[in-house]
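Asker: Okay, these came from TrEMBL:
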type: TRANSMEM; residues: 6-25; note: transmembrane segment
type: TRANSMEM; residues: 32-54; note: transmembrane segment
type: TRANSMEM; residues: 60-84; note: transmembrane segment
type: TRANSMEM; residues: 91-114; note: transmembrane segment
type: TRANSMEM; residues: 197-218; note: transmembrane segment
type: TRANSMEM; residues: 230-247; note: transmembrane segment
type: TRANSMEM; residues: 253-271; note: transmembrane segment
type: TRANSMEM; residues: 283-300; note: transmembrane segment
type: TRANSMEM; residues: 312-336; note: transmembrane segment
type: TRANSMEM; residues: 343-365; note: transmembrane segment
type: TRANSMEM; residues: 377-397; note: transmembrane segment
type: DOMAIN; residues: 502-581; note: domain 'Transporter-associated'
Amino acid sequence: MDQLNHIMLIIGLLLSCSIFASRISSIMGLPVLLLFLILGMMCGENGIILGIQFSNYHLAFYIANLALAIIIFDGGCQTSFFTFKTASKPAIILSTLGVLITTLIVGGAVYYIFKMSFFESLLVGCMIGSTDAGAVFSLLGSNGVSLKNKVQGPLEIESATNDPMAIFLTITVIEIIKATVNSNDVTASETFTISNALLFFIKQFSFGIVFGIVFGYLGRMLLNAINIPNGLYSLLVLGVAFTGFAITSSMDGSGFLAIFIIGMIISNTNMRQLLYIRPVQDGLTWLSQICLFLMLGLLVEPPKLIEHTVDGLIVACVMAFLARPVAVFLCLKLLFKFSTRELLFISWVGLRGSVPIVLAIYPIMNDIPNGDIFFNIAFVVVIFSLLVQGATILPVAKFFDVYAPSSTTPVSKGQMGITIDDDYEIFNYEIKHKTCQDQLLSEIKFPNRTMVASVFRKSQILHPVSRLKLKKGDIISIIGHSDDELLLNAIFNGDTPVKKVHYPYNGDILLSGESNMTEIAEKYDLVITSKEQDLNLGDFLSYHLGGIPTVGERLTVIDCRFTICEVFGSQIIKVGFEKLENNI
């Protein structure tokens, strides 16, 4: 019993310290994952706090895979079909060809600088060749980092889909090293190993995609078909996700790719059950990140880490300043319409996190010579990536003009439970922007399907009459649909004009009201909902602005501004378009 209490005390202290570390990270501007890693090192066998002895690499490998599965599943849940559609092509090229190029460049540099054997050098490149989903989703979703969708989408999807390539390369090189050590006929062994590895690679991608789709739609069907207590929906979804992950992995498919697709399919629907799933999933993701990086911190031995710090820093610099930029430019420059600034930023945010460390466990588990050296080099690379690249994402994004200031969002929202599909939601906004202050409710053009429910001022409820004037600090409650949230955000961010306001400047480009919104969204990096993809530009503006359209009315969505230039009756004929610059 005393031993159980001791274990629970250690777990409680580690979790509590991790929560405080997340607060410290926001104050100091450091990635919280780095602080989790440092905390784990401080509590390890050679640390200064608890002196926890943990050196079980096999157990660490299993725990890391479980935690990564939850993190990547959450990443899938946060990815819209529109983002995946627009960003999947460059992301998949980066996650395959990009990983291979990075591996070859890093491996070549290690071979030339450190005089390791060719395949040992290549193994170092394999371990750090892929970006990390945990680090990317965490750092791009926190600390005020809001990027243009054209950049953020490929980065997130790349990190979730490059595991098959990284695992394929790592296992292939390990098998070649084992064959070299154990056999004199190296050529025959290599041929057999590579042919099997190629089959393994094909299985990783194909089974990952197929089973991801199958279990994703199975999970969606179960959520619709089964009526259970609200607290069980999150467990049902996790059960489906883990089942899909396990079956895919058992057939040599990529469980990580499958679980990402499962999360994306389940979350891209208007089911009200998602309201009960998301808070639980958010907590589980944080718990997974804490456990993963604390455990990896416990696993490292600081004296050995210090011994290989210089080597690790050299490899990290080669990766960050040479291999990653070359891979990004070769993969994206010619095939896709990325500017040089965007490519430089994508090169910089090739974040390494837990995945390189987990891959570095493979050589130790397979008794590869110098396995501990590989592990420590990978660990130094991860610390460098989180400390240097991760901590500078925001200023670098502003410097390269890919930062998109996030618009005002509801202080709280929730589905009302009126209907099963396409349910009504209530959005609560705080009046902060100057353009909304001292405005009458009758002067604000809300979307057609929305209704102001109430206004709260200093704990008092006010009836939403048309002559009510909004004040700074008011909370306004609006009933609408999920599709209305983007426009409501724009209204309370000061981007949507009040009635009877006309603007002399119509924009840089003149578009037809018949233009297809899907084509406009793809061309100008505009985020729209699945319903809006079927609309033309005129219907899109009429839907959002409401009422009879008039010349001069504007609609701003993130950094895209539309101005009505010509109307015929209630039909919008010509629209001015302007891509706004970020004034940062």
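Placed from the backbone N, Cα and C atoms, the Cβ positions cover glycine too.
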Asker: For the domain 'Transporter-associated' (502-581), what are the DSSP-based totals of helix, strand and coil residues?
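Answerer: Per DSSP, the residues of the domain 'Transporter-associated' (502-581) fall into 20 helix, 28 strand, 32 coil.
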Asker: When you scan the chain for residues with a C-beta under 8 Å from the transmembrane segment (343-365), skipping those not six or more beyond its ends, what do you find?
Answerer: 33, 57-58, 60-61, 64-65, 67-68, 94, 102, 123, 126-128, 130-136, 138-140, 151, 154-155, 159, 163, 166-167, 170-171, 174, 292-293, 296, 299, 319-320, 324-325, 328-329, 332-333, 371-372, 374-375, 377-379, 381-382, 385-386, 389-390, 392-393, 396-397, 400, 402
Asker: Under a criterion of three or more Cβ pairs within a distance under 8 Å and sequence separation of at least 6, are the transmembrane segment (32-54) and the transmembrane segment (377-397) in contact?
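Answerer: Contact between the transmembrane segment (32-54) and the transmembrane segment (377-397): present.
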Asker: Counting Cβ pairs closer than 8 Å, which of 6-25, 230-247, 283-300, 377-397 has the most of them with the transmembrane segment (60-84)?
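Answerer: Stretch with maximum Cβ contacts: 283-300.
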Asker: How about the transmembrane segment (197-218) and the transmembrane segment (6-25): do they have 3 or more C-beta pairs under 8 A, pairs 6 or more apart in sequence?
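Answerer: The answer is no, given that the two segments have fewer than 3 Cβ pairs within the 8 Å cut-off.
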Asker: Considering only Cβ pairs under 8 Å, which range in 6-25, 230-247, 253-271, 312-336 makes the most contacts with the transmembrane segment (283-300)?
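Answerer: If we count Cβ pairs closer than 8 Å to the transmembrane segment (283-300), 6-25 scores highest.
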Asker: Excluding the flanking five residues on each side, which residues at least 6 beyond the ends of the transmembrane segment (230-247) place their CB within less than 8 Å of a CB in that stretch?
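Answerer: Same-chain contacts beyond the ends: 69-70, 73, 211-212, 214-216, 218-219, 222-223, 255-256, 258-259, 262-263, 266, 273, 276-277, 280-281, 284.
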Asker: Where else in the chain does the transmembrane segment (6-25) make close Cβ contacts, counting only residues six or more beyond its ends and a cut-off under 8 Å?
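Answerer: Those are 31-32, 34-36, 39, 43, 50, 52, 143, 290, 294, in sequence order.
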